[in-house]
Amino acid sequence: MKPKTIQLLVSVQNAEEAALVMDLGVDCIDIKNPSVGSLGRPTFEVVDEVVNLVADKVPLSAALGEFSEEHDTLDVRLLKLPLRYLKWGLSKLGWPMPFVNHVREVNGFGRMIGAAYADAKICDAPSLPKVACLASRLNAPVFLIDTFQKDGRSLFAHVSVAEIEHLREMAFWGDMELALAGSVKWEELPEIKRIRPNWLAVRGLVCQEGDRRKPIDPERVKRLKQLLN
Ligand SMILES: O=C[C@H](O)COP(=O)(O)O
(Lines of atoms letter the chains of each structure in order from A; the text may use other names.)
(Lines give C-alpha, C1' and ligand atoms only; values in the text may rest on other atoms or scores of the structure.)
Protein backbone atom coordinates (compact mmCIF):
# COMPACT_ATOMS: atom_id res chain seq x y z
CA MET A 1 0.00 0.00 0.00
CA LYS A 2 1.34 3.45 -0.95
CA PRO A 3 2.03 5.52 2.20
CA LYS A 4 -0.16 8.58 2.61
CA THR A 5 1.36 11.80 1.26
CA ILE A 6 2.17 14.61 3.65
CA GLN A 7 -0.15 17.49 2.82
CA LEU A 8 1.36 20.91 2.32
CA LEU A 9 0.08 24.08 3.98
CA VAL A 10 1.70 27.35 2.94
CA SER A 11 1.21 30.61 4.83
CA VAL A 12 0.56 33.62 2.61
CA GLN A 13 0.42 37.30 3.44
CA ASN A 14 -1.83 38.56 0.65
CA ALA A 15 -4.11 37.57 -2.23
CA GLU A 16 -1.29 37.69 -4.76
CA GLU A 17 0.64 35.02 -2.86
CA ALA A 18 -2.58 33.03 -2.38
CA ALA A 19 -3.16 32.98 -6.17
CA LEU A 20 0.40 31.81 -6.70
CA VAL A 21 0.32 28.89 -4.26
CA MET A 22 -3.19 27.89 -5.36
CA ASP A 23 -1.89 27.51 -8.94
CA LEU A 24 1.00 25.45 -7.60
CA GLY A 25 -1.45 23.03 -5.99
CA VAL A 26 -0.85 23.38 -2.26
CA ASP A 27 -3.31 21.53 -0.02
CA CYS A 28 -4.18 24.39 2.33
CA ILE A 29 -3.61 28.14 2.26
CA ASP A 30 -2.99 29.78 5.60
CA ILE A 31 -3.39 33.55 5.83
CA LYS A 32 -1.22 35.42 8.27
CA ASN A 33 0.84 38.55 8.77
CA PRO A 34 4.36 37.22 9.31
CA SER A 35 5.73 40.63 10.23
CA VAL A 36 3.75 40.70 13.49
CA GLY A 37 4.68 37.33 14.90
CA SER A 38 4.60 33.60 14.48
CA LEU A 39 0.79 33.57 14.24
CA GLY A 40 0.49 37.23 13.26
CA ARG A 41 -3.09 38.22 12.55
CA PRO A 42 -3.88 39.53 9.04
CA THR A 43 -6.48 42.27 8.61
CA PHE A 44 -10.08 41.38 7.83
CA GLU A 45 -9.66 42.99 4.40
CA VAL A 46 -6.71 40.76 3.46
CA VAL A 47 -8.52 37.59 4.59
CA ASP A 48 -11.71 38.63 2.81
CA GLU A 49 -9.78 39.25 -0.42
CA VAL A 50 -8.15 35.80 -0.23
CA VAL A 51 -11.50 34.15 0.54
CA ASN A 52 -13.08 35.77 -2.51
CA LEU A 53 -10.17 34.81 -4.72
CA VAL A 54 -9.81 31.20 -3.59
CA ALA A 55 -13.55 30.58 -3.04
CA ASP A 56 -13.85 26.92 -2.11
CA LYS A 57 -11.07 25.68 -4.40
CA VAL A 58 -8.55 25.16 -1.56
CA PRO A 59 -9.17 24.92 2.20
CA LEU A 60 -8.25 28.11 4.03
CA SER A 61 -6.86 28.82 7.44
CA ALA A 62 -6.18 32.06 9.28
CA ALA A 63 -3.92 33.02 12.15
CA LEU A 64 -5.58 35.13 14.83
CA GLY A 65 -2.57 36.33 16.83
CA GLU A 66 -1.70 35.59 20.46
CA PHE A 67 -4.83 34.88 22.48
CA SER A 68 -3.60 36.30 25.80
CA GLU A 69 -2.74 39.66 24.27
CA GLU A 70 -5.07 40.11 21.32
CA HIS A 71 -8.41 38.38 21.82
CA ASP A 72 -10.03 41.69 22.80
CA THR A 73 -9.14 43.23 19.47
CA LEU A 74 -10.33 40.37 17.24
CA ASP A 75 -12.47 41.58 14.35
CA VAL A 76 -15.38 39.14 14.72
CA ARG A 77 -16.17 39.41 11.02
CA LEU A 78 -13.15 37.14 10.52
CA LEU A 79 -14.98 34.32 12.27
CA LYS A 80 -17.90 34.55 9.85
CA LEU A 81 -15.73 33.95 6.79
CA PRO A 82 -15.60 30.43 5.32
CA LEU A 83 -12.29 29.44 6.88
CA ARG A 84 -11.70 25.73 7.46
CA TYR A 85 -9.19 26.34 10.25
CA LEU A 86 -8.49 29.07 12.80
CA LYS A 87 -5.47 29.30 15.05
CA TRP A 88 -4.64 31.28 18.11
CA GLY A 89 -1.16 31.41 19.62
CA LEU A 90 -1.18 30.37 23.27
CA SER A 91 1.88 32.26 24.56
CA LYS A 92 1.59 33.70 28.07
CA LEU A 93 -1.50 31.61 28.64
CA GLY A 94 -1.37 30.48 32.23
CA TRP A 95 -4.88 29.23 33.05
CA PRO A 96 -6.54 28.08 29.78
CA MET A 97 -10.21 28.60 30.78
CA PRO A 98 -10.60 31.99 29.02
CA PHE A 99 -9.39 30.29 25.83
CA VAL A 100 -11.77 27.34 26.33
CA ASN A 101 -14.67 29.76 26.89
CA HIS A 102 -13.72 31.72 23.80
CA VAL A 103 -13.77 28.56 21.64
CA ARG A 104 -17.25 27.83 23.02
CA GLU A 105 -18.48 31.39 22.47
CA VAL A 106 -17.33 31.59 18.86
CA ASN A 107 -18.44 28.01 18.20
CA GLY A 108 -14.90 27.19 17.19
CA PHE A 109 -15.26 23.46 17.80
CA GLY A 110 -14.09 21.54 14.78
CA ARG A 111 -12.15 24.39 13.25
CA MET A 112 -9.94 25.78 16.03
CA ILE A 113 -6.54 24.18 15.59
CA GLY A 114 -4.57 23.23 18.69
CA ALA A 115 -1.48 25.34 18.09
CA ALA A 116 1.40 24.45 20.39
CA TYR A 117 4.81 26.07 20.52
CA ALA A 118 7.87 23.82 20.54
CA ASP A 119 9.68 26.65 22.36
CA ALA A 120 6.85 26.93 24.90
CA LYS A 121 9.23 27.70 27.77
CA ILE A 122 10.57 30.79 26.00
CA CYS A 123 7.12 32.28 25.49
CA ASP A 124 5.43 30.94 28.61
CA ALA A 125 2.93 28.84 26.64
CA PRO A 126 1.37 25.56 27.81
CA SER A 127 3.57 22.54 27.14
CA LEU A 128 3.12 20.49 23.99
CA PRO A 129 1.31 17.58 25.73
CA LYS A 130 -0.93 20.03 27.59
CA VAL A 131 -2.01 21.69 24.33
CA ALA A 132 -2.54 18.27 22.75
CA CYS A 133 -4.94 17.31 25.58
CA LEU A 134 -6.68 20.69 25.54
CA ALA A 135 -7.07 20.61 21.75
CA SER A 136 -8.54 17.13 21.79
CA ARG A 137 -11.08 18.18 24.44
CA LEU A 138 -11.99 21.17 22.26
CA ASN A 139 -12.55 18.88 19.29
CA ALA A 140 -9.71 20.45 17.33
CA PRO A 141 -9.27 18.91 13.89
CA VAL A 142 -5.51 19.40 13.89
CA PHE A 143 -2.73 19.53 16.46
CA LEU A 144 0.01 21.85 15.21
CA ILE A 145 3.56 22.10 16.53
CA ASP A 146 5.12 25.43 15.53
CA THR A 147 7.75 27.77 16.99
CA PHE A 148 7.06 31.11 18.64
CA GLN A 149 10.45 32.64 18.06
CA LYS A 150 11.44 32.90 14.43
CA ASP A 151 15.16 33.14 15.12
CA GLY A 152 16.44 30.63 12.57
CA ARG A 153 16.09 27.64 14.87
CA SER A 154 13.61 25.02 13.76
CA LEU A 155 11.22 23.02 15.91
CA PHE A 156 13.88 20.29 16.11
CA ALA A 157 16.04 22.63 18.20
CA HIS A 158 13.37 22.48 20.92
CA VAL A 159 11.74 19.09 20.67
CA SER A 160 13.19 15.64 20.01
CA VAL A 161 11.99 13.23 17.35
CA ALA A 162 10.95 10.82 20.13
CA GLU A 163 8.77 13.54 21.71
CA ILE A 164 7.21 14.35 18.34
CA GLU A 165 6.44 10.69 17.80
CA HIS A 166 4.80 10.54 21.22
CA LEU A 167 2.75 13.64 20.35
CA ARG A 168 1.79 12.09 17.04
CA GLU A 169 0.32 9.22 19.00
CA MET A 170 -1.51 11.62 21.34
CA ALA A 171 -2.93 13.41 18.31
CA PHE A 172 -4.04 10.11 16.80
CA TRP A 173 -5.86 8.98 19.95
CA GLY A 174 -7.29 12.48 20.32
CA ASP A 175 -8.75 12.17 16.82
CA MET A 176 -6.62 15.00 15.45
CA GLU A 177 -4.31 15.28 12.49
CA LEU A 178 -0.72 16.26 13.21
CA ALA A 179 0.87 19.29 11.55
CA LEU A 180 4.55 20.16 11.87
CA ALA A 181 5.90 23.66 11.37
CA GLY A 182 8.53 25.99 12.74
CA SER A 183 11.31 27.26 10.46
CA VAL A 184 11.63 23.86 8.83
CA LYS A 185 14.82 23.50 6.78
CA TRP A 186 15.52 21.59 3.56
CA GLU A 187 17.89 19.20 5.31
CA GLU A 188 15.17 18.31 7.83
CA LEU A 189 12.73 17.05 5.20
CA PRO A 190 13.95 13.43 5.31
CA GLU A 191 13.31 13.37 9.08
CA ILE A 192 9.88 14.92 8.56
CA LYS A 193 9.07 12.34 5.90
CA ARG A 194 10.13 9.63 8.33
CA ILE A 195 7.88 11.05 11.09
CA ARG A 196 5.10 11.34 8.52
CA PRO A 197 2.80 13.99 9.97
CA ASN A 198 -0.49 14.64 8.16
CA TRP A 199 0.65 18.17 7.37
CA LEU A 200 3.81 20.16 6.83
CA ALA A 201 3.16 23.88 7.35
CA VAL A 202 5.71 26.36 6.05
CA ARG A 203 6.37 29.98 5.34
CA GLY A 204 10.10 30.80 5.54
CA LEU A 205 11.20 27.73 3.60
CA VAL A 206 9.30 28.82 0.49
CA CYS A 207 10.09 32.55 0.69
CA GLN A 208 12.87 34.30 -1.20
CA GLU A 209 16.20 33.67 0.56
CA GLY A 210 14.34 31.63 3.17
CA ASP A 211 13.16 34.87 4.83
CA ARG A 212 9.52 34.57 5.92
CA ARG A 213 8.94 38.31 5.53
CA LYS A 214 9.93 38.23 1.86
CA PRO A 215 7.57 37.19 -0.97
CA ILE A 216 7.00 33.54 -1.81
CA ASP A 217 9.35 32.05 -4.39
CA PRO A 218 7.38 29.69 -6.70
CA GLU A 219 10.49 27.61 -7.46
CA ARG A 220 10.86 26.82 -3.77
CA VAL A 221 7.21 25.72 -3.55
CA LYS A 222 7.66 23.44 -6.59
CA ARG A 223 10.85 21.96 -5.11
CA LEU A 224 9.16 21.33 -1.77
CA LYS A 225 6.18 19.64 -3.40
CA GLN A 226 8.52 17.38 -5.35
CA LEU A 227 10.52 16.47 -2.26
CA LEU A 228 7.38 15.62 -0.30
CA ASN A 229 6.13 13.22 -2.95
O1 LIG B 1 1.80 27.79 9.82
C2 LIG B 1 3.03 27.66 9.70
C3 LIG B 1 3.94 28.77 9.76
O4 LIG B 1 3.59 29.78 8.87
C5 LIG B 1 5.37 28.36 9.63
O6 LIG B 1 6.18 29.47 9.36
P7 LIG B 1 7.74 29.26 9.23
O8 LIG B 1 7.98 28.15 8.26
O9 LIG B 1 8.26 30.57 8.72
O10 LIG B 1 8.23 28.95 10.60
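These residue numbers are counts, starting from 1, taken along the chain as shown.
Quick reminder: no glycine exception, Cβ is built from N, Cα and C everywhere.
Annotated active site, schiff-base intermediate with substrate per TrEMBL: Lys32, in sequence order. According to its DSSP assignment, Lys32 (active site, schiff-base intermediate with substrate) is coil.
Here TrEMBL flags Lys87 as active site, proton acceptor. Same-chain residues at least 6 positions away in sequence with a Cβ under 8 Å from that of Lys87 (active site, proton acceptor) are, in sequence order, Leu39, Ser61, Ala62, Ala63, Leu64, Met112, Ile113, Ala115, Leu144. Taken residue by residue with DSSP, Lys87 (active site, proton acceptor) is part of a strand.
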- Starting from the Cβ of Lys32 (active site, schiff-base intermediate with substrate), draw a 10 Å sphere and report how many other Cβ atoms land inside it. 25
